[in-house]
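According to Swiss-Prot, the S-adenosyl-L-methionine binding site annotation covers 164, 185, 207, 249.
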């Protein structure tokens, strides 16, 4: 099967929003995100044989985002126009699009299935967690370091993005055994797996995408974990249970939809972790939390991305 690859070179500020749009709205079969800084820094830190420096030199200074579509069903001109319109919309929110360039090419499906693996390598996140591709042999750097093994497949998170790492950082601080955890928008399942590894008694991961549910289940199986359930759900709809910790690494506009339903799904003294928030969108998140009787206990920032640890206001 042939695939149509549409490559967008732009500012990293568009990464989350544009990735979500191409996957969710345009039904991309896969998303590949590459930044020169990611590979150079990780290559220097881990000396990974998966990092090919010759290829790095060909990367743009900012972001290269490639979406893959089934060739026979793809309307190339229509897709490019929709991407162009979305970029214009995001610029209207105040995001810097950088120097935008869009190009296309045909690729063989079998080439994609293995070629992307060379860009995915160990992320030695902390003394407690390391994210490891399932084909790599990696020994923990610390005796108590937990390994999260992932096969990211065609799409979904690999743990390398700042927004994911902000959640992991907050989870290391906030998750206490034996908390129950709800991961809204689980994607690859990385946060659900991390919660289990950090001592959660039970974890539920939800996603609106059938493909994400399948990917998460496969990654959970790779880690031999039996206390995580995954189901298809739209945010908190059809979720009846309450949890000690709710995590959501999704776009700010979707977090705004989530906030009014949080109280009904949070146990007494429960906590919430948000990420995926561009700093320009933080004021409206803060306003919605205030209006729904929540208070921010900890704020984390890396670049323009914000992570929040949230609790109910004290009585």
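Yeah, the Cβs are placed from backbone N, Cα and C, and that goes for glycine too.
It should be emphasised that the depicted structure is a prediction, and the values quoted were computed from it without experimental measurement.
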Spatial neighbours of residue 185 (S-adenosyl-L-methionine binding site) that are distant in sequence (at least 6 apart) but have CB under 8 A: 206, 207, 208, 248, 249, 250, 254
Cβ neighbours of residue 164 (S-adenosyl-L-methionine binding site) where a neighbour is any other Cβ within 10 Å: 25
Over the residue list 164, 185, 207, 249, recorded for S-adenosyl-L-methionine, what is the maximum interresidue Cα distance in Å? 16
